[in-house]
Amino acid sequence: MITGLLMVIDIPDERGLSEIDIRYGNPLKCHFPLFNWMAPLPLEYMGILYFIMWIGAAGICLGYKFKLSCIMFTVPYWYIFLLDKTTWNNHSYLFGLISILFTFSSAHHAFSVDSRLDPSIRNKPVPMWNYAIIRFQFFLLYFYAGVKKFDLDWIGGHSMTRLSMHWVFDPFRLVLNDEQIDFWIIHIFGFLFDLTVGFFLLISKTRPIAIFFSSAFHLMNSRIFHIGQFPYVCLCMTPIFCSYDWPDRLINWFKKTPQKPEVTSENKRNKTPVSGGLTLFLLLSYVATQLFLPFSHFITKGYNNWTNGLYGYSWDMMVHNWDSVLTVIKVVDNDSGEEFFIDPEVGITALAI
């Protein structure tokens with residue numbers, strides 16, 4: 001339940017619990033919700049909401065009252081996420097999707113407090129669709145990120161300039177210069193990695209090398225970019241592509257008992273893909289929605305790479321960046337000629353509008 005632990009860390013960080021008074025303490029501050037009828041709660045109630053979300057994340061981490069904990073985390077998370085679309089990004093959207101998938105999963109059947117307290121679910125087989133839908137989501141994350149990089153700016157090596165100056169690329173400087181690192185490692189390899197790593201993770205023979213490269217990729221990203229817990233969530237979710245019994249085999253390896261556990265009829269049921277027409281319908285609806293949304297900007301704000309539109313579901317992963325050294329806003333009073341400056345971090349208030 002490492003994902004739950006990462007959400008425990010994420011809530012005071014990127015979700016804004018540590019600055020809740022700044023985000024929601026000023027009633028005149030403008031918010032831009034997805035739906036116009038949405039509005040922040042009073043500050044004290046927002047604090048309670050954050051506390052509920054944090055308790056839910058802790059419950060997911062421990063695997064205690066797992067379903068209830070997922071609901072306690074997911075509902076406040078999506079409320080806060082939808083409350084201000086100007087702060088949307090891909091990984092915040094991904095965390096919300098994972099929370100929904102966890103809510104309907106049976107992830108607490110092993111290595112959890114629930115499985116210790118309730119023998120009826122202890123090591124009970126998890127339906128294969130639980131694994132398949134999460135694999136699909138992360139495969140799509142990688143693949144669409146590669147598809148979105150298939151443009152002249154990225155393939156031509158113009159989207160990310162001077163990134164090679166970061167210390168994580170020092171080993172490459174033994175054989176390449178900065179310009180070659182920018183083009184071949186960051187742009188070309190980054191494009192090929194996103195486009196193909198999902199396939200390699202699905203194939204057992206290529207999975208070990210894919211795990212190695214994806215681990216290196218995410219660890220490097222965690223040092224280069226300020227993207228919160230996103231690289232670590234991707235890291236801890238990588239084993240979802242492995243065989244479902246990999247934890248047992250790993251434990252047996254440490255215990256020096258490599259023999260494979262006998263496959264019983266109960267374990268065989270784990271291979272049942274989907275049971276029930278409603279489950280199949282919901283899964284297919286989810287898949288169709290995820291396949292369509294990243295290309296739906298003709299409905300919202302046009303080409304997302306230029307307008308940024310509703311950026312949080314596009315999987316346009318690092319297709320461009322900005323290096324802003326200083327922002328200065330100078331105001332001149334035309335009557336008196338007096339000049340003064342405005343702090344750009346203050347933002348817009350309803351009173352100013």
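Note: Cβ is positioned from N, Cα and C throughout, glycine not excepted.
Now, the feature entries from TrEMBL:
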type     : residues : note
DOMAIN   : 1-246    : domain 'HTTM-like'
TRANSMEM : 48-81    : transmembrane segment
TRANSMEM : 93-114   : transmembrane segment
TRANSMEM : 126-145  : transmembrane segment
TRANSMEM : 183-203  : transmembrane segment
TRANSMEM : 224-246  : transmembrane segment
TRANSMEM : 274-293  : transmembrane segment
For this session: Report, as numbers and ranges, which residues of the same chain sit near the transmembrane segment (126-145): CB under 8 Å and 6 or more residues beyond its ends.
Result: 94, 97-98, 101, 105-107, 109, 193-195, 197-198, 201-202, 234, 237, 240-241, 244, 270-275, 279, 283, 286-287, 290-291, 294, 315-317
For this session: Could you name the stretch, out of 93-114, 224-246, 274-293, with the greatest number of CB pairs under 8 A to the transmembrane segment (48-81)?
Result: 93-114
Seminar exercise, completed: Long-range CB partners for the transmembrane segment (93-114) (under 8 A, at least six residues beyond its ends), listed in sequence order, are 1, 3, 7, 10, 60, 62-67, 70-71, 73-74, 77-78, 81, 121-127, 130, 133-134, 137, 141, 229-230, 233, 237, 247, 290, 312-313
Problem set entry | Average model confidence [pLDDT] within the domain 'HTTM-like' (1-246) | 94
Seminar exercise, completed: Contact set of the transmembrane segment (274-293) with the rest of its chain, CB cutoff 8 A exclusive, min separation 6+ beyond the ends, reads 97, 127-129, 133, 136-137, 140, 313-314
